[in-house]
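Enquirer: Before I ask anything, here is the structure I am working with.
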Amino acid sequence: MSRQSTLYSFFPKSPALGDTKKAAAEASRQGAAASGASASRGGDAAWSEAEPGSRSAAVSASSPEAKDLNGGLRRASSSAQAVPPSSCDFSPGDLVWAKMEGYPWWPCLVYNHPFDGTFIRKKGKSVRVHVQFFDDSPTRGWVSKRMLKPYTGSKSKEAQKGGHFYSSKSEILRAMQRADEALSKDTAERLQLAVCDEPSEPEEEEETEVHEAYLSDKSEEDNYNESEEEAQPSVQGPRRSSRQVKKRRVISDSESDIGGSDVEFKPDTKQEGSSDDASSGVGDSDSEDLGTFGKGAPKRKRAMVAQGGLRRKSLKKETGSAKRATPILSETKSTLSAFSAPQNSESQTHVSGGGNDSSGPTVWYHETLEWLKPEKRRDEHRRRPDHPEFNPTTLYVPEEFLNSCTPGMRKWWQLKSQNFDLVIFYKVGKFYELYHMDAVIGVSELGLIFMKGNWAHSGFPEIAFGRFSDSLVQKGYKVARVEQTETPEMMEARCRKMAHVSKFDRVVRREICRIITKGTQTYSVLDGDPSENYSRYLLSLKEKEEETSGHTRVYGVCFVDTSLGKFFIGQFSDDRHCSRFRTLVAHYPPVQILFEKGNLSTETKTVLKGSLSSCLQEGLIPGSQFWDATKTLRTLLEGGYFTGNGDSSTVLPLVLKGMTSESDSVGLTPGEESELALSALGGIVFYLKKCLIDQELLSMANFEEYFPLDSDTVSTVKPGAVFTKASQRMVLDAVTLNNLEIFLNGTNGSTEGTLLERLDTCHTPFGKRLLKQWLCAPLCSPSAISDRLDAVEDLMAVPDKVTEVADLLKKLPDLERLLSKIHNVGSPLKSQNHPDSRAIMYEETTYSKKKIIDFLSALEGFKVMCKVSGLLEEVAGGFTSKTLKQVVTLQSKSPKGRFPDLTAELQRWDTAFDHEKARKTGLITPKAGFDSDYDQALADIRENEQSLLEYLDKQRSRLGCKSIVYWGIGRNRYQLEIPENFATRNLPEEYELKSTKKGCKRYWTKTIEKKLANLINAEERRDTSLKDCMRRLFCNFDKNHKDWQSAVECIAVLDVLLCLANYSQGGDGPMCRPEIVLPGEDTHPFLEFKGSRHPCITKTFFGDDFIPNDILIGCEEEAEEHGKAYCVLVTGPNMGGKSTLIRQAGLLAVMAQLGCYVPAEKCRLTPVDRVFTRLGASDRIMSGESTFFVELSETASILRHATAHSLVLVDELGRGTATFDGTAIANAVVKELAETIKCRTLFSTHYHSLVEDYSKSVCVRLGHMACMVENECEDPSQETITFLYKFIKGACPKSYGFNAARLANLPEEVIQKGHRKAREFERMNQSLQLFREVCLATEKPTINGEAIHRLLALINGL
């Protein structure tokens, strides 16, 4: 039986003493329950789950918990003034429709307040009327005059379907019956129905003022100065400082919900005026972003909680009189101070709102829990952090503590104990709440606002989830979205089926519906749009050291871009420096890494700690979390991930099937060379399963095997044979990508000044992603490179078409990601058992509209693609490039065409449903012929309706009465309404009387019952089809995924080719087509760039300052003078351009093999299989590697992996150690590169002794960056150095380091002292050299007398 309550039950706690206007502002987002819940039930629901049957929701004025509040709140409410009845259109005894914020219109009775003796109050310009709500347990309250309408009966037009007051809710229908009964009575009799005459709760009066203030603030006619809502200076002590800035405090909840009131919100999409203006805990700066939040937002109901307590107390005492409620003023101040907002976020973080009046900072409640303190914390198995198997993602919560919690809070702690590493967004009604330590994160990272109370608590509305969750995820947090997965009605039904129901059962179910991390973002309609176009990978890694040697290892890897649903899986051996693994993470940069605990070697840990320190890294427990290969295969087969394509059997994708043992036809035995790869996949599958996105991603069956780029690079193969393979790619490792600044610059880590920025003019996101992959792995096959260059020239030859195509491509959305989204929405697996399918979403209509908008955007995008294909197909006959012809030619018109013919399919979708109606309503109603289930249901409905009409005609003829008609609604339809004069005659025995009215009787027959049952069944099937219509339509669209994906791939290739063509014809200065020569027996590796320029500097620095240079290595014309020298020693003055020249050579080689024109007058080269770089000087602090160690590590990689076809770029090797050590190492490296490996090398150095050593070598050629020296003398301050930036033959005599010192503004005396010291070193070096020559000369038959004289002269000069 419903218990009696007051309107106070609907609203949260009241404001501080003397601050009623601030209360009006703060209450704007407080409390509402489900639309359509009755007024009394709305108040009771706040406590029903926590303590069923208790009356603790309405805190009695005599209880200790309420005693401190009553007096203060009565004083606050005294500001409301009684006004003459003439100011109101209603009088006591009138029946009205009344609407309170967040509730539907409700039948009410106007009557005088039981103690004030008036039914009207005025606050500012607003007028309120006292009413009693008709309900099982009548309740009363003050309602705005503007929210009252005359009640004219349940049969009135406005109360019927389509009317303003119509409702199908049973509570309202019962209230209307009571109001109809009252309508037939006179005023005196009606007033006797006013039975709710208990002493008024003080909070009721104050909270009604809050409600009215909110409404009046929204009204133009009742608008008053906003400054009245500003928080006023406090008179209660230092804790209550005034707020200086005018702002509305937007609050979502009070500690009552934290305490587990567990108020549930049941969305009602039919409710008018519901929106999201109330933003829980969201700062004012965010309020404009929540643009869809308008006035009339349903407010969440709040119940009062005992101050500072964890559990509600059941309060039995009733208030005897208003006098008994008078409190002690000091106690009131102390209690009400709990409701004041701290002045700044810093104080919010430390000062509790528990009513403590002390001036010093206190701590949040969760910080006082002993078992939660770091020194006492344990995991779920009670293991301490120093235990080797400690699990930091779980938390031990004592059972006695859980038992002391209210049901809502108990559920939160249970979820938190299993997911301690997550920030939990806990759904309460239409808001996501953050509690305890999560709330502290929300305030510090998101700018939310703490709620009042000694429990840390903040929140925000549902519609803002995407923005706030993404903000936390980008900062490295992991977010769990917890949704309500049953309504209160469903909970009640569940409890009725249980034999024994505890208070913990009487709480609606909540489940984790999604865990979001950096590596698992899918950008669903809740998550929002991606912030960048490039892929972000989740990488799983398993390692095994080779038994034969401790210096090599084998990696199993699996990585996935969750926004696309594309998996890469592979297994490869690697060296002790993890070279291949470093290259992988450079080409596919992960944002999150999974690995098996205890599995990684020291070298791999060094890579993770150094190069990948910014990634989230998570160790998984072997076996239970990081699965072995066998468990992975079994899970994939038993999970049914790869069914749904018309075949009920589960078949592994070809890539995975190829990794199983050939002897096992079932596919449960891993292949010998794939165990680690499949185990790495197991780690990924486990994590995706944990994040609840395994079904939507794996069901796409989009797998690709990963092979290291240098797999085919073997130095022993026949010269040039490897380059005939179209699959062969140039290897650019992580060091090279960084040193050449291909993707990110070394200054601030952005793309400014990089090759990617220079080239990237792609119009589509998927084109940008493809360009990046092409840059990671340029081609090596001369024929493939030439075909791309042909495509560039073909496009340059049709500028008009290119302009039209470019304009069309700009209109395309990210179709690659949209296809993944559509697949996820249409997934039948997800719709069957995923928690999201049970979630109660307040903004469901908004999300449906977003899904439809995405879908229609995809359809429009594919139409644009067809136009693009058609435009270029007109001129495709003149194209020489095979690739370009393939991507623009329809498969239906040419066997070599790759672009699918989408015309028929797109026309089918144009007629599938009303696009504009679906866009506006968020609902899809399929047209005839598109959805067989829906069509069959409609056909059955028409058939049964026609059958019933025919039966009516038969009964009319049978009884000889043409006035017989059908009557009834719902399941009581199709009653034969027969005039009474006919009904009195002998009727057939099968006629069963159902109802009567004056003048006629109504009958059913067995035939009607049977036909109606068939009709109802057909209608239910229709409704079920409509409910699941969007998913099934998306699933239908996804059946042609291969065609859609092929179209995207073709347009992506076209977009990148257009990008290359755009650069090729728009470069600053001369541009040339590279000539790639296949090496053979008579053609040795060479590189010839004439008049070449740096591709990026011309964009960064405009003008004619950049000097073009010739770079020749191994060319015939050079061989005539100096022999075939593959190594060029580059010298020159500091800041003379040596490093720029070296980077320029590497970038031009990359661009040439990418298939792009290069900024040069001439470009010829044999394919480069790999570019190595040793540039710059920096240490790796995180890896514990010094500057010199980094130099030697990079050099070791060069010597270990370089082949005769490689391009090696070394800049000042040896500078990180002692001069003689550095010189010796540099000398040895040059010798190895020039004489043993014989690869194309540019080696810059300031070691002039190195130049002298190789000045006569036929394997090494000398070159330097020219400069002009004026006033060269002993005094460096008198010299003037002019850099010519021209690369010419020969060696530079000096490095002119003191010129660089002067340009850097070193003190002159320091430069002079340094110069004198340098002269001393030079003389000593010359002396030692001459002495060595003398000593060598003594071994010869004749003595070099000239050398002796020079030595003596030098010694005398010292």
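Residue numbering: from 1, along the chain as shown.
In case you wondered, yes, glycine gets a Cβ from its N, Cα and C as well.
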Enquirer: Consult Swiss-Prot and report the residue, out of Ser261, Ser579, Ser614, annotated as phosphoserine.
Expert: Ser261
Enquirer: Where does Swiss-Prot put phosphoserine, among Ser63, Ser137?
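Expert: Of the listed residues, Swiss-Prot records phosphoserine for Ser137.
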Enquirer: Where does the phosphoserine label fall among Ser234, Ser256, Ser648, Ser665, going by Swiss-Prot?
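Expert: Record says Ser256.
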Enquirer: May I ask for the distance between Lys503 (N6-acetyllysine) and Ser91 (phosphoserine), taken between their Cα atoms and rounded to an integer number of Å?
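Expert: The separation of the Cα atoms works out to 44 Å.
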Enquirer: Other than its own, how many Cβ atoms are within 10 Å of the Cβ belonging to Lys503 (N6-acetyllysine)?
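Expert: Excluding its own Cβ, the number within 10 Å is 17.
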Enquirer: If you count, for each of the modified residues Ser91, Ser827, the other Cβ atoms lying within 10 Å of its Cβ, which residue has the minimum?
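Expert: Selected from the modified residues Ser91, Ser827 on minimum Cβ neighbours within 10 Å: Ser91.
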Enquirer: Fill in the CA-CA distance, Ser91 (phosphoserine) to Ser827 (phosphoserine), as an integer in Å.
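Expert: Their Cα atoms are separated by 59 Å.
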Enquirer: Hey, does DSSP put Lys503 (N6-acetyllysine) in a helix, a strand, or just coil?
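Expert: Where Lys503 (N6-acetyllysine) sits, the three-state DSSP reduction gives coil.
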Enquirer: According to DSSP, which of helix, strand or coil covers Ser91 (phosphoserine)?
Expert: coil
